[in-house]
Every structure is written in structure tokens, then in C-alpha cells.
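Undergrad: The structure under discussion is supplied below as C-alpha cells; questions concerning it will follow.
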């Protein structure tokens, strides 16, 4: 089912009071997934929304169509009429809009603080973890929508069935992705929290101390009220280690024998996964999940655990799993194309951590074992490439053909030896595959044209602008003749 939306602003106002004296809200970096989602919900709640970003995109265009004022570029006068300014973590203190807001004594809040305000008068369901947050948030949203509960949701990526990454619903339920990258999720005070897994990522935030990261997750779980619920993946060794330190009700899920919500008999058939979910005191569920991979079965089990605790009908759960369209850039099937030399399949995926890349490769192998796997990989951030260098090399050498783009810096300065060329050299020296380094993504189509074979699965992978490369390849329909002309 496509997620439907009904709302009555007067009804919502009765549940969620207006922020006192706040009329106009300005977002610096409004084009990002997390920022735009909050902006869209607040816009639909009746606030005057403005925002700025360095470039227009589909998100800013949609917000403008809905009535937001969008500025391209950051200028001091953009905040002239703001009651409050919301900033993303990507914005530094030298930004002229931040400086102007400080001079005018306009309150400046982080994205998570505004999300916390949205959650304050609602039944909040927060989804945290190193991997799987976006898909799990979408699956929870799909279930509650199938059950007719019309939730508000704010996700870090496109919920395909809704056609947006955020929406204001008419019920008191708010489902939100919680971001640990800057520890700002500590502002949130949900009723239910899912934690999918905990790995070393964004370690600059935590002083390079993994114990600090683990304690921050514990602190986040203790933001739950005493009657709240922690839905935790017991397959994850770090989470299993931390469970005794969680002083809230814990419900576990996973493939493990001791999981409260247990996955059995997983098998994959192309784009679909099929498995049984065993629940304590409830009937088993035979699930058909319309997105591939064991990792997505875990994401589904988390959503099912939450829904089961909320007494949502099994029929709604089963429909949601079978009908989900997934999320944007998560094993996103862009098509199968006649290339001029046979047929090739194109998939785009956002995964940019070695664990995420690994599970994507496994999903591709399990669903399309006969296909040659051609990966176009773009490392994301020099610090991540440096910190997880060997892990990246170990994972990337599993593909059949590797085309490597250079690092998407995301504002970071280059780090010697932590770039695409170095990673290629390391992988090549191991002798399993011979990676191809492409420093300019504009030349990639012509490089791919000389490699493509009948039956290939082409997988674009990464969190930077490689998604645009994927869309360009789809527009070219992987046609060898057209790609050679680029």
C-alpha cells in the first residue's frame, strides 16, 4: 500500500501546542535529508519556514512548492525574520547566517533539539544504531500506516511508499531516525527506542574512545521513561554486552536462539526475503519482505517487535512487509537495461561503512549468484577511510570488478594515504582483483563501457555524489554506445 495521509491542523494543535513566540523558523542547510524532514513537518504544522543551502535539489524544490522560502547561498539577511534558527552539524560557526543570528540574539538550535521538540508531546519511536536506521524507520512507518494509525515520521532518507522522507500525521505517534554522529540524539526523549547495532563510526565525536560511544548509547536508552521499551538487536556483540547495563524494559530481536523476537529459515529470492518470525506468547509470522538481504530481515524484525508490543494486527504487519518499497538509495533497483552487449542490472546503494558494503555484497550474491558483480565505489570522508582502511580493503576485494572513485570529502581536508588511489593499490597488491581508479566521475561511463558484459550486476556504492552517477548511468540505460560518447 502507498502510505496515505490525512490531517486536521486543529486536531493536531489540540495534541501538540505551538512553540511559544515562535512563528518563523529558518534552517541553515535545509536541503539535507534530516533537516528537510523536520522543516516539512513544521511547515505542515503551520509555521513560517525558510531555509538556505548551497544548491537547489529536489528536496528544496518540494519545500518551495509547499510554501517554504528557499535561499540558495548563505547570506546574513536570510535570517532577518527568523524567530529561531536550526543548524545541521555540517554548518560551522563562521557561517554568515549563524553570525547574524548571534548578533540579533536569535536562538540557534541543533537539528536534534528541534526534533526533540516535535517529539515532546507525542508518542515517540526513535530508531538508532550505526547501520540500518533509515530502512528500519521506514518499515516501522509502513506498519503503522498499514494499521491506519497515520503517524508523523521524520526519516534520514526517502520512504518510497510515501514519496517523501517526512510527513505530518494526525495521530500522536512520531517515528524518527535518531542520529548518533554528533551525539545529538541525547536530546530525544522517546517512549520506544530501537538500537540496530553499535560499531566504531564518527569516532571524532567520541574522542576516538569506543567506550565513550557505548556509554553514550546507554545514556540515550536511559532517556526512555521508566515504562519505556528498548528494542535491541541481540545478534550485535556490542549490544549483547551492554544489555545488563540497561535499566529499562528490554526486548531483543535477531537470528539468535535467545532473541525474544527470532528470525528463522531465512532465504532470498531475488529482491525478496522470506523467513519466519517467532514471538514469545504470539503466533509465528511467515514473512515475505519486499527488500533483499539478511540485514533487512533484522531491520524488519525490529519493526515487528515494536508493532507487536503496540498490539498492531498481524495482518497489517504482513501487508507492510510484503508491500514495502524500501527507501531511496538502499539497494535501489534502478532497472535492467539492454546494453548493446547483452543485459545488465543497475543497483544503487548508500552504504559507506565496511559493514554496510559487506551486507550489500552478500545480498547481491544471494539474490543473483550467477551475475558478475561490478562495483563502483566512492569512499566517504578521509577520516572514515583512514580509520577503517583495512576493513574497506577486506570487503571491497570480494567483488568481481571494482571501479574506485576518489574520496567524497564532505568538507574534510585530504589525509595522505587515505584516498581512493591508495585503497586501489592496497587491494591490487593482495592479488584477488585489479581495481580501476577513476579520479574524475565524469569519465566513468566511458570506463564502464569498456568493461560491461552480458549478465552483469552494476552496483554504485557510497554516501557521496555517486548516487548522481547512478542516475546518470540509468539515464544512459547502460548503453555501451552512448556511454562511449561521454
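The backbone N, Cα and C atoms fix where each Cβ goes, glycine too.
What Swiss-Prot shows for this protein is this:
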type    : residues                          : note
BINDING : 129, 130, 131, 132, 133, 134, 135 : ATP binding site
Undergrad: Which has the fewest other Cβ atoms within 10 Å: 131, 133, the binding-site residues listed?
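TA: Across 131, 133, these binding-site residues, the one with fewest Cβ atoms within 10 Å is 131.
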Undergrad: If you count Cβ atoms within 10 Å of each one, which of the binding-site residues 130, 134, 135 comes out on top?
TA: 135
Undergrad: What residues, ordered by sequence, lie under 8 A Cβ-to-Cβ from residue 129 (ATP binding site) and sit at least six positions away in the same chain?
TA: 136, 180, 194, 195, 196, 197, 198, 233
Undergrad: Using the centroid of the Cβ atoms of 129, 130, 131, 132, 133, 134, 135 as reference, list every other same-chain residue with Cβ within 8 Å of it (recorded ATP site), in sequence order.
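TA: Near the ATP site, beyond 129, 130, 131, 132, 133, 134, 135, sit 127, 136, 196, 197, 299.
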Undergrad: Tell me the coarse DSSP state (helix, strand, coil) of residue 131 (ATP binding site).
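TA: Where residue 131 (ATP binding site) sits, the three-state DSSP reduction gives coil.
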Undergrad: Please list residues from the chain of residue 132 (ATP binding site) whose Cβ is under 8 angstroms from its Cβ, counting only those at least six apart in sequence.
TA: 196, 197, 295, 298, 299, 302
